[in-house]
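Trainee: Dropping a structure here in structure tokens format, bear with me for questions.
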Amino acid sequence: MELLDSFIFISLVKAAVIFGVLMTTLAYLQWVERKVIAHIQVRPGPYRVGPHGLLQPLADVIKLITKEDLVPPYVNKPLYLAAPFLAITMALLSISVIPFGPVIHIGPVTTAMQMTDLNIGVLFILAVSSMGVYGIALAGWASNNKYSLIGGLRSSAQMISYELPMSLAIAAPLLISNTLSLRELVERQAGSILNWNLLSGPFPQVISFIIFIIAAFAETNRVPFDLPEAENELVAGFHTEYSSMKFASFFMAEYANMITVSAMATLLFLGGWMAPWPAAYGSSLVPSILFGISGLVLLYHGVNAVRKRDKLTFPAFGIIFLGIAGIFLLPMVQSWLLPLFWFCAKTGAILFAFMWIRGTLPRFRYDQLMGFTWKFLFPVAMLNLLVTGFLVAWTTK
């Protein structure tokens, strides 16, 4: 019992669980993105490795691990090797303070559903995520390649420029909530969707939310802000000279940053793990209904499938989904499983937006990219913060 109650043991267990789930999520985010873009372009996407391509991430990992790890002779080797490590470390470190749910009680153990609960969690994420640009800048410089250098410089300028409107967009809901703790920030949005920072307060933060999402796309170097990796201009940008797992580290860092900014948007504006309406009106039944319907649909397609493999895989996944629907009805797990569902659903919706935008929009020119933030986004973010601050001060006198 003393071991279970020990802070070190609980922290190690949480770290192992979060790391394992995160690595699996990073691997499958690429599969989901390829599927989403494929369906946008009316093609099947990954389909051969495993049922419906579900084992494609495993095949990609094996391929990257077994590929030859080339180090060009003309690079600055210490900085060249440090760059991908720095990028992925900063990306993973920022996730360590994100709360996935409320404080939970498991037997004698009481713990928060996050790696560590900092009272300055928002500030920590801003500081750590900003350091990720050093990894990209070092990669561009150490590669001793003109395309890599231009990509690194573009990324540095872009991330620094869009950090300002993002910080101003974050400051507005913080003024309303009056806290830098991510857990407390979510707890102050409890009740219903009308209490979320997006819609509540003296000045609903719709503008802040839009600015934050736009800046998040730029911060993560995603379309339409992927100028540092513009293939038609820079070959592959800052990671042109990288191969094997060092190459994969930059992609893992990109997807980890996507998860971080999506989770931040959920926590700051969308009520975190809070349901959109109270449990008395049936919010606790939503996961069971969704998984139950999905399971029945999969069973139906399995019965009517043409291919032999589909006759096995569809019913198997249908039974799994029906089992998950039943688990959500168990009172003993609802206290932590329902909040986790709502948090993942909101974060997943924003991640889907990242993929949707990639499949539909072209990239900006570099002058348009920089002009947009300094001439439009930054002034609007500043004006929004001033109006929010004035109204908060006026209503709390």
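Note that Cβ sites are derived from N, Cα and C of the backbone, with glycine treated the same way.
Swiss-Prot lists these features:
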TRANSMEM  7-27  transmembrane segment
TRANSMEM  84-104  transmembrane segment
TRANSMEM  120-140  transmembrane segment
TRANSMEM  156-176  transmembrane segment
TRANSMEM  198-218  transmembrane segment
TRANSMEM  258-278  transmembrane segment
TRANSMEM  279-299  transmembrane segment
TRANSMEM  313-333  transmembrane segment
TRANSMEM  337-357  transmembrane segment
TRANSMEM  376-396  transmembrane segment
Trainee: Look at every Cβ pair spanning the transmembrane segment (156-176) and the transmembrane segment (376-396), keep those 6 or more apart in sequence, and say whether at least 3 of them are under 8 Å.
Mentor: yes
Trainee: Give the one range among 84-104, 198-218, 313-333 whose Cβ atoms make the most pairs under 8 Å with those of the transmembrane segment (279-299).
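Mentor: Top-ranked stretch among 84-104, 198-218, 313-333: 313-333.
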Trainee: Can the transmembrane segment (376-396) be said to touch the transmembrane segment (198-218) if we require at least 3 CB pairs below 8 Å and skip pairs under 6 apart in sequence?
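Mentor: These two segments touch.
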Trainee: Six or more residues beyond either end and a Cβ under 8 Å away: which residues meet both conditions relative to the transmembrane segment (7-27)?
Mentor: 57-58, 60-61, 92, 95-96, 109, 111, 114-116, 252, 255-256, 259
Trainee: Pairs 6 or more apart in sequence, C-beta under 8 angstroms, 3 or more of them: is that satisfied by the transmembrane segment (84-104) and the transmembrane segment (313-333)?
Mentor: no
